[in-house]
């Protein structure tokens, strides 16, 4: 395979208790071997075409571009992938790898639920047993995705510890894996966690960037900037991957600015008060207090409120290759409305952060120059949040009626 | 040292509050504990089960801080001759700086440090800092550990080694098999004092392990007793002391 890192500058590593060391060593060996095997890569490619629906389109957002009056805005529509988000790329890669390793059971953690849905779907397709850990707070926020996971036959396990969100779901999944690794693969959903996960997830997600690069060359686009939202950062690192080692274009990561810069109101690790720490098995930038206790975070998007960031993104932020910006909840909602009314596209709330940042960046360039926004997922799952935020009264009337009729 | 079994008892500092945890620690000593393992609560204790995570969350909600933790340790080590080991997670050391944290641990009189997510090859300078401050760092190993890694750990000639007697997290009951016993004997032959724990909650288990290790670690069972007392708003010293006595 192309690159194997362990550390990205000062970040990364395998900071785990000894009991997780064996499973990680086994996974690393299997991953390296698979990525060197043409048979595995062909199988992955076929799965991508036939089941995921790759390649996803790169849409010229003509009306949006004219409204902004700056660069030509393009949108990579990962939301058109099966199950509605980029998460399926990694879920498919890891599940095929797990099957190759002889594992019969998959565990996963999920925040917004897209990773859980993708994992559950792939497990259904491949005949693997599946349990998804999900914070009970996130279950409340993302009921439609819980419903889908259960339709696919997965067991959704509510996590009641800590803040009852994604990071607590990660803790539970790690605990499960510590005693079940003989027959179980832990399918981490973002480019973080102990090595080899950051490398592995980036490789499986790099299909996004490779397709963008091919389209760029085919259409001879003068790409000035690429923008992606960053929770853990799997869509961002996959989207950026083929461009990281060249000096251009500008790569921009949009973090959750939440409701403001006060502690607990956002998840801005790179643009806020993030500091170097060791949490959940890897070293990166995290939001924690002076004693090292992880801080509560907030975002309107359940997928962006994770207190850490993938180690490679943290390093690329430090070196300046990736610029980070933060986008508040209300700005993301505004971008969601803008693209819906101008392009007929509903961004996932996570991706709407990239949409908002992309609109600002596009203003800095002129027609003929391109800015590409990664719509990492589409917004079907967020309807209970966005409808409440944008059409409160009508939505409540509808829900009341449904309840009465139910 | 005790006449009977050598037992290291575990408690979460500040759970249910600092005073109650101090009384629990003293009750453990009165019951015959040979070592105390004091855990500084962390928001994301991934090597622990739900019971200890819950205790950590409660202690943090109750206002536990690293400063208060070191004050707690200093008063405890002044009050008892039983060696006190500090167990916690890496990020509590990273936040103030590993060296700084280890120095403070030394000043508070602890006999050793147990940091499961800073293994020897990803230790952030912990082992060196421990050497400098004169506090042993206690490596944590498990049965089935890769031979090369075990040799690397033993090569550091640690005075103590902590080992889980099964894979998994803390809390569940453990059955001790022949393979485990063979592993413990191998560790003991290295000359390190072997402390074995994870799921030990009965005298029968302690008796079984005793010939093969230096001491046995009992954690979740005690956290459970302390939690039950707190919930029922009653003093727990008597019950904690009696439970520790029952193991020895």
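Every residue gets a Cβ built from N, Cα and C, even glycine.
Pulled from TrEMBL, these are the features on record:
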type: ACT_SITE; residues: B:37; note: active site, proton acceptor
type: ACT_SITE; residues: B:48; note: active site, proton acceptor
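According to DSSP, residue B:48 (active site, proton acceptor) is assigned to coil rather than to any helix or strand.
With all protein chains in the displayed structure included, the most crowded Cβ environment within 10 Å among the active-site residues B:37, B:48 is that of B:48.
On the backbone, the CA of residue B:48 (active site, proton acceptor) and the CA of residue B:37 (active site, proton acceptor) stand 14 Å apart.
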